[in-house]
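Following: one structure in structure tokens, then a few remarks.
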Ligand code: BES
Ligand code: ZN
């Protein structure tokens, strides 16, 4: 068995549940049956993958990963099929552990989901070897040319698995409820190096002949497959503390290390709230600018956009967020994508507590307030059914749920619970919640049951005050939501009103404003009918088009696009071309496409920039611009 004792335990428990004929040491517990996952073809009650071993070679010319995935599984004794998720994979052959060929078939493709790979199993054995290669279009992977990197000399590859993209590069059961340990041996041309969301067991790689180097990894804690991640390129490392550090291209390493200098302190602050950090190291990989998200919580190695490098650490709440996922999300995972709020709502709450611990209540409240405002704006545009926390995503792309409802309505619920009982009771419950469900994937119902048993405990007035059904199954923000108001935003709103009424930019009282206050000002001004002269005054006075803070620049460009302010178009074009973060791209392209003035700009910029974006972003922007 390749598993360590810690990882083996859930497998043994599962065996109890499945009745598989294996030695079981802990026979007192049975695993709950899995909630059905409408985004996976797997039939885990019959046969379930527990470990993935990858041996892959990266071909930077053909844009393919190719090699083998050896899957270990447990099954009910009568079961003769293993069903995996794939999308766009070319399957060469499937063998059992004795290298005997196994019959397999790929089922017809289903929209969003890809194809089931159905493997006929022999009567005994618990391993299959799938020989395959990825498609050059694999949606998880982006293959960057040297020109698309900071160093401009070497190519680069990285993956993005969440929500259901891992199946485009690994044939496995791609459901967040099917946790798997993994190991990998990845071969790349020298001098490239490889990092993964796992422990590197060959720190500098080993020579693999033919100008290739092999890098080996292992992840002994069972993780949902969306957390298996890889990057390869010219990647340097700088230590930030005893268990923290930063990886990025050599030309970016000093800037990144400076921006992330509080990382070690962040881990300590997070542990105070969440309990011990269970993943060993916590490193951050700062990616090339096309990375489609702000951050991705790949275990041991958060992937982050370089757009957080503001120079003044003003955007590090994003790292607090990804770090918080080490508890909410990675330790305790949503069982299905309809329960996505369990990942993101808890994390958004936790993120804010980390920010409060490190930088104080004022900053935390400003951030929470920006989030609450975003929620109210976004909810106004969503179909009411999509503003519930618990979502029914059958037949839909799980991406639908990636909006402020999961993040900010989710966080509002957690905050409401906290305020109803006070931190003295809430904090121990939260730590207990992480411990009770550690290394499992849970549904919203299981969260409710935990809350009832461990916090509400028959207190009917508390139960009624929380009114969980209104949060989970009703649209909108329930009236009992804990209010979020930042005192530091009141003067900002005052100045926004004065400017709207004709005051000059230089007469505004802005001294000492934080980046969050600037962001709030610009979000306030987005709905105000400003004249070109006012916009010119604003930009000339505060040099917004040249802002090095991506959130401020983004908020300014939205104001400019809303007023069809032509002088900002060069800055807009630069921003849309220089980075590929979907959160920034989508609203700008959407706003542009809304007017005859903006449409040609959107089309021209997108035609030039599209090839530099990751598939996650092009998939979204294609539907807006085309
Ligand atoms: N896990 C998410 C990113 C994600 C969600 C990727 C769903 C694919 C599907 C990550 O933790 C996240 O929330 N990132 C945010 C930043 C955060 C500070 C709100 C982002 O990328 O904008
Ligand atoms: Zn998140």
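Placed from the backbone N, Cα and C atoms, the Cβ positions cover glycine too.
Here is what TrEMBL says about this protein:
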SIGNAL    1-21  signal peptide
BINDING   160, 161, 162, 292, 293, 294, 295, 296, 297, 581, 582, 583  peptide binding site
BINDING   321, 325, 344  Zn(2+) binding site
ACT_SITE  322  active site, proton acceptor
ACT_SITE  407  active site, proton donor
DOMAIN    486-625  domain 'Peptidase M1 leukotriene A4 hydrolase/aminopeptidase C-terminal'
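Around the Cβ of residue 325 (Zn(2+) binding site), the number of neighbouring Cβ atoms within 10 Å comes to 25. DSSP assigns residue 295 (peptide binding site) to a strand. In this structure, residue 160 (peptide binding site) belongs to neither helix nor strand by DSSP; it is coil. Checked against ligand 2, the recorded positions 160, 322, 344 give 344 in sequence order as having a Cβ less than 6 Å away from one of its atoms. Listed in sequence order, the binding-site residues from 160, 297, 344 having a Cα within 10 Å of the Cα of the residue listed as 'active site, proton donor' are 344. For residue 321 (Zn(2+) binding site), the same-chain residues lying six or more positions away in sequence with a CB closer than 8 A to its CB are 294, 295, 347, 348, 351. The full span of the recorded peptide binding residues, 160, 161, 162, 292, 293, 294, 295, 296, 297, 581, 582, 583, taken as their largest Cα to Cα distance, is 17 Å. By the rule that a residue counts when its Cβ sits under 6 Å from some atom of ligand 1, the binding-site residues 162, 297, 321, 582 yield 162, 297, 321. Other than 321, 325, 344, the residues of this chain whose Cβ falls within 8 Å of the Cβ centroid of the Zn(2+) site are, in sequence order, 295, 297, 322, 324, 328, 329, 343, 346, 347, 348, 350, 351, 407. In this structure the C-alpha atoms belonging to residue 344 (Zn(2+) binding site) and residue 322 (active site, proton acceptor) are separated by 10 Å.
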